[in-house]
Amino acid sequence: MEKLNILIVGVGGQGTLLSSRILGNVALKLNFDVKVSEVHGMSQRGGSVVTYVKFGKKVYSPIIEKGEADVILAFEKLEALRCIDCLGKDGKMIINEQQIDPMPVIIGKAKYPENIIETLKENNKIYSLDALKIARECGNIKAVNIVLIGVLAKLTGINKDIFVEAIREVVPAKFLEVNLKAFEEGYNYHN
Amino acid sequence: MKKLMLGNEAVARGAYEAGCTVASAYPGTPSTEITEAIAKQYDEIYSEWAPNEKVAMEVAIGASFGGARAICAMKHVGLNVAADPLFTVSYTGVNGGLVIMVADDPGMHSSQNEQDSRNYARASKVPMLEPSDSQECKEYVKKAFSISEQFDTPVIVRLSTRVAHSQSVVELNDKEDYKIKDYIKDAGKYVMMPAMARKRHVVVEKRMADLREYSDSSELNRVKMDSDDIGVITSGIAYQYVKEAMPNASVLKLGMVYPIPEKLIADFASKVKTLYVVEELEPFFEEQILKMGIKVIGKEKLPVIGELSSQIIAERLLGKAIIDASKQSVPVRPPVMCPGCPHRGMFYVLKKLKLNVSGDIGCYTLGALAPNESIDTCVCMGASIGVAHGMEKARGTEFGKKTVAILGDSTFIHSGITGLIDIVYNKGNSTVIILDNSITGMTGHQQNPTTGFTIKGEPTKQVDLELLCKAVGIDRVTVVDPFDIKEFEKVVKTETQIDEPSVIISQRPCALLKNVKYEGVQKINQDKCKRCRMCMKMGCPAIVDKGEHLEIDPALCVGCMLCTKVCGFGAIEKAGE
Ligand code: SF4
Ligand code: SF4
């Protein structure tokens with residue numbers, strides 16, 4: 001592996017920022033140059049959130065642009081659809097099957113697209129799962145982000161222990177056990 | 001040791017390594033984490049949240065006069081607030097090194113305008129540096145302290161969102177052993193009344209000349225020659241985009257963005273066939289270089305609006321086509337007030353009463369968006385009150401009775417209080433609603449003078465908003481819970497009708513605070529629900545329309561119970577386990 005561009009998309013409040021922090025630490029442990037870029041919007045919750053994690057020998061721009069993502073981690077279906085342009089031609093996308101209606105949909109000014117995952121599967125390599133359910137079963141619905149990181153860990157082929165170590169460093173002690181379980185579940189989900 | 005750090009955290013680290021001992025700021029995205037990191041990680045530095053950016057800069061100026069290395073931080077619009085002391089501290093110069101951090105927000109991810117702070121450096125005649133990644137953030141801040149002392153000047157360090165909020169690798173060093181300088185009384189230098197200021201202006205012009213020379217030889221400005229065909233002059237984050245889009249071009253990277261190194265630029269220009277200037281926002285370098293009589297290509301090809309990217313550069317300068325996947329229309333996802341947000345009840349009432357609402361800067365600005373659609377104006381921090389007063393003076397008392405100003409507790413202290421004094425003094429009748437959610441919400445939960453805690457979480461005196469309003473001459477001050485919708489409506493109706501100014505303190509803590517405990521997730525009893533959709537008018541993102549029926553998303557609901565208060569059929573109840 002010479003470089004890895006990971007795009008993380010989701011809805012404010014879903015824990016995307018923590019994921020990028022973990023991935024940044026993984027890169028550092030692998031002795032890569034790395035940039036992680038996050039943009040906070042107007043509120044703490046509810047808006048689209050986009051985070052970029054780029055590893056490589058030397059990383060200049062912190063941003064992943066159209067066609068540049070090797071992996072996209074989508075915390076929500078609609079956000080997956082929104083960023084599909086960024087996926088590179090051999091890129092893989094991991095999607096949490098959760099649906100969170102944006103306000104224009106809630107108030108009836110827009111429609112939530114149907115069959116998003118099926119549509120995306122037509123032309124892309126998609127790994128989808130109900131991460132919310134898995135997180136709930138592990139004991140904390142907030143662990144969705146770690147479930148997804150588990151899936152990503154398997155796909156990248158990077159040594160699993162490096163991920164576990166990075167999670168240990170970033171996640172507070174009292175949530176660690178649940179999160180390590182969530183990671184394990186995600187890791188073993190797609191064979 | 002190597003560490004992954006946000007640009008902002010690296011700035012904090014730079015201040016620490018430089019032996020800085022005083023930091024003051026008002027939170028503002030994307031600059032907030034600078035001072036937060038200082039407060040959290042470096043006990044050697046005294047840190048504080050100031051009521052606004054002007055005060056923050058004045059505190060840093062005082063610390064510098066007192067002989068310490070001092071730093072203050074703000075976002076671009078914050079520098080407007082602090083512009084007054086900036087222009088004069090340029091004249092006085094410093095004693096201990098003084099660094100002013102300013103974070104611009106190209107693309108307006110979280111701002112009301114898109115200004116280019118480099119113009120302030122030129123206008124106030126203060127040198128400005130601009131780093132392009134976290135490592136440089138740390139180095140440039142240290143450099144800024146030494147330039148500040150060497151040239152007796154404050155130094156501005158400019159960040160942009162992509163530098164402030166990107167993490168990259170930083171090599172840590174030890175702290176410098178900086179000894180606080182002696183305090184020397186020197187009225188000619190520090191008291192800026194006309195006779196002294198006239199002399200200081202001469203000093204400033206001489207300093208500019210010295211700085212120009214310095215800029216030409218400083219290692220902050222680096223040339224890397226590659227191709228003789230294409231040369232690019234750039235700075236900050238734009239440098240990273242250039243390196244990505246044009247790996248073979250020769251580059252002059254400006255680390256000192258004001259004053260620019262004229263000799264170096266002329267020399268660089270003479271070595272390449274085509275010269276581009278790639279800069280985000282304004283043609284700041286371009287205009288100065290054109291004035292030198294050098295031909296450059298810049299804004300004729302590149303946008304003056306929004307962020308740059310390597311693809312924009314590749315497309316506009318190299319003519320490479322951007323991959324354009326056919327885009328289906330995907331519904332936008334604008335930010336919304338959080339489930340359980342204390343402001344939601346208030347907006348519900350304001351909309352119901354069809355009031356004109358003069359708004360302000362904070363999470364509650366989102367009340368302008370659907371479904372609340374309750375805010376008519378929003379200009380800058382603290383403007384809500386003055387704008388409401390102006391509207392009343394322009395359109396008369398009856399219009400005034402249909403108008404309220406709303407602003408947050410922190411915003412009120414920042415610059416709302418002076419507006420309120422204006423209303424009292426000039427016999428206005430406006431009703432002002434202060435949204436007291438016990439925290440500075442929008443920037444991510446900072447303490448402020450109304451919360452009773454310092455930046456370090458230490459208990460301190462708390463501004464009593466009620467007493468404060470009374471002290472400036474407001475006789476009618478009412479405290480009310482915005483989730484008590486009936487009572488809230490009654491109070492708003494009464495206060496807007498009264499022939500004197502009044503303040504309503506809408507008091508309920510932010511739903512994201514740790515100490516806020518709600519009842520637990522609610523659900524809609526489908527047997528009792530009449531599908532009248534009253535609950536949806538609240539605009540809580542947890543309540544979703546499934547077509548046939550309505551549902552509460554248990555992953556989003558925080559159990560604030562607001563929706564239960566508008567349901568006329570008692571259909572919303574606690575969800576069982
Ligand atoms: S207000 Fe009550 S009855 Fe009306 S739609 Fe909402 S839950 Fe159903
Ligand atoms: S669904 Fe009701 S109880 Fe739950 S957060 Fe929204 S308004 Fe509050």
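Positions of Cβ are set from backbone N, Cα and C atoms, glycine also.
Quick look at what TrEMBL annotates:
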BINDING   B:CYS529, B:CYS532, B:CYS535, B:CYS567  [4Fe-4S] cluster 1 binding site
BINDING   B:CYS540, B:CYS557, B:CYS560, B:CYS563  [4Fe-4S] cluster 2 binding site
- [ ] Specify the count of other C-beta atoms within 10 Å of the C-beta of B:CYS532 ([4Fe-4S] cluster 1 binding site).
- [x] 14
- [ ] With B:CYS529 ([4Fe-4S] cluster 1 binding site) as the reference Cα, tell me which of the binding-site residues B:CYS540, B:CYS557, B:CYS560, B:CYS563 is the closest one.
- [x] B:CYS563
Open item on the list: If you count other C-beta atoms within 10 angstroms, which of the binding-site residues B:CYS529, B:CYS540 is the most crowded?
Closed with: B:CYS540
Task: Distance-selected binding-site residues near ligand 1 (C-beta under 6 Å), from B:CYS532, B:CYS540, B:CYS557, B:CYS560, B:CYS567 - done: B:CYS532, B:CYS567
TODO: Provide, as an integer number of angstrom, the distance between the C-alpha atoms of B:CYS557 ([4Fe-4S] cluster 2 binding site) and B:CYS535 ([4Fe-4S] cluster 1 binding site).
DONE: 13
- [ ] Filter the binding-site residues B:CYS532, B:CYS535, B:CYS567 down to those with CB closer than 6 A to an atom of ligand 2; keep them in sequence order.
- [x] none
Task: Remaining residues near the recorded [4Fe-4S] cluster 1 site, that is with C-beta within 8 Å of the centroid of the site residues B:CYS529, B:CYS532, B:CYS535, B:CYS567 - done: B:ILE524, B:LYS530, B:ARG531, B:ARG533, B:MET534, B:LEU550, B:CYS563, B:VAL566, B:GLY568, B:PHE569, B:ALA571, B:ILE572
TODO: List the same-chain residues at least 6 positions away in sequence whose Cβ sits under 8 Å from the Cβ of B:CYS563 ([4Fe-4S] cluster 2 binding site), in sequence order, or say none.
DONE: B:GLN522, B:CYS535, B:MET538, B:CYS540, B:ILE543, B:ILE552, B:ILE572
Open item on the list: Can you tell me how many other Cβ atoms are located within 10 Å of the Cβ belonging to B:CYS560 ([4Fe-4S] cluster 2 binding site)?
Closed with: 25
Task: binding-site residues: B:CYS535, B:CYS557, B:CYS567 - member with fewest neighbouring CB atoms within 10 Å - done: B:CYS567
- [ ] Would you list, in sequence order, the residues of this chain other than B:CYS540, B:CYS557, B:CYS560, B:CYS563 that have their CB within 8 A of the centroid of the site's CB atoms, where the site is the one recorded for [4Fe-4S] cluster 2?
- [x] B:PRO339, B:GLY340, B:GLN522, B:MET538, B:ALA542, B:ILE543, B:ILE552, B:VAL558, B:GLY559, B:MET561, B:LEU562
TODO: Please report how many Å separate the Cα atom of B:CYS567 ([4Fe-4S] cluster 1 binding site) from that of B:CYS560 ([4Fe-4S] cluster 2 binding site), as a whole number.
DONE: 14
